[in-house]
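Annotated features in TrEMBL:
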ACT_SITE  211  active site, acyl-thioester intermediate
BINDING   107, 108, 109, 110, 111, 112, 113, 114, 180, 181, 182, 193, 194, 195  substrate binding site
DOMAIN    62-250  domain 'BPL/LPL catalytic'
SITE      177  site 'Lowers pKa of active site Cys'
């Protein structure tokens, strides 16, 4: 296809506001509330920038930033907007006994568990910089985990009608979930993300009906491979595959800023 001079200039102007650079921060182990507040701060700033840009001439518009946060949380259960509180099988005394906290939050999905040994990823992206399709966004996050598992010789995939990443997803004789997803988006800006079971204590899943699904099991890389897996190595693989799928330029950063 041959573009006119006008079309080329128009394309250049559009492209100058597309930012595929992504600031990556590994937050280490962080309390859920602290990490949530940090997400909300970045999310609100990005949404506010997009709202303000609509009032400005294109030449004055601000480029929006993208972030990819990795974190591990102390034991915590979170309930999404469509979740049912009865899917948490512990009362307040039970939560205290297992040193776990509980948060109803503003992501999609039902109840899930986060804890040590689980890689939680929070992409805070302006999808206008990539593609405006939330279903494609979810599939790409799943695909990054599927590709990471393949790097370790674990076959995984999707089950129709369910989110997340599953083992035995084809024959479903013993389907088991290894990664959960739940996101929020507004004006094509995302927050929340995925929870990938690397080496967690799976017994904590016994105290919930994970994602509201009572007839399917939960697993981890450690459970499937019979050994502890390097979290640092898994982080690098997941980060690589997310960057590859989204066409990101990942910029390393540190800490909460």
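Here the Cβ of each residue, glycine as well, is placed from N, Cα and C on the backbone.
Automatic prediction, not curation, is the source of TrEMBL annotations.
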Where residue 109 (substrate binding site) falls in three-state DSSP terms: coil
Collapsed DSSP category at residue 177 (site 'Lowers pKa of active site Cys'): strand
Residue 177 (site 'Lowers pKa of active site Cys') and residue 107 (substrate binding site), distance between Cα atoms, whole Å: 19
The one of 107, 177 whose CB sees the fewest other CB atoms within 10 Å, among these recorded positions: 107
Taking residues 107, 108, 109, 110, 111, 112, 113, 114, 180, 181, 182, 193, 194, 195, which bind substrate in the record, the widest Cα spacing (Å, whole number): 16
Residue 177 (site 'Lowers pKa of active site Cys') versus residue 194 (substrate binding site) - Cα distance in angstrom: 12
Rounded Cα-Cα span from residue 177 (site 'Lowers pKa of active site Cys') to residue 109 (substrate binding site), Å: 14
